[in-house]
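For reference, the structure discussed in these notes is given below.
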């Protein structure tokens, strides 16, 4: 599976460094 960052991003942004909002609405390592 995709490594997640323990964060959701319904607003479209992730606060965790090195993470992107993909697939929405879950932050994953980019």
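In case you wondered, yes, glycine gets a Cβ from its N, Cα and C as well.
Annotation comment: Swiss-Prot describes 5-19, 9-21, 14-27 as disulfide bond.
Features recorded in Swiss-Prot, as mapped to the structure shown.
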residue	record	DSSP (3 states)
5	disulfide bond	strand
14	disulfide bond	coil
19	disulfide bond	strand
27	disulfide bond	strand
Check your understanding: What is the interatomic distance between the Cα atoms of residue 14 (disulfide bond) and residue 21 (disulfide bond), given in whole Å?
Key -> 6
Exercise for review: List the residues of the same chain that sit at least 6 positions away from residue 5 (disulfide bond) in sequence and have their Cβ under 8 Å from its Cβ, in sequence order, or write 'none'.
Suggested key: 14, 16, 18, 19, 27, 28, 29
**Study point:** Same-chain residues at least 6 apart in sequence whose Cβ lies under 8 Å from residue 9 (disulfide bond)
**Key:** 21, 24, 25, 26, 27
Study note, to complete from the structure: Counting every protein chain shown, other Cβ atoms within 10 Å of the Cβ of residue 19 (disulfide bond) number 20
Review point. What is the Cβ neighbour count of residue 14 (disulfide bond) at a 10 Å cut-off, with all protein chains included?
Key: 19
Exercise for review: For the disulfide-bonded residues 21, 27, work out the Cβ neighbour count at 10 Å and name the residue with the minimum.
Suggested key: 21
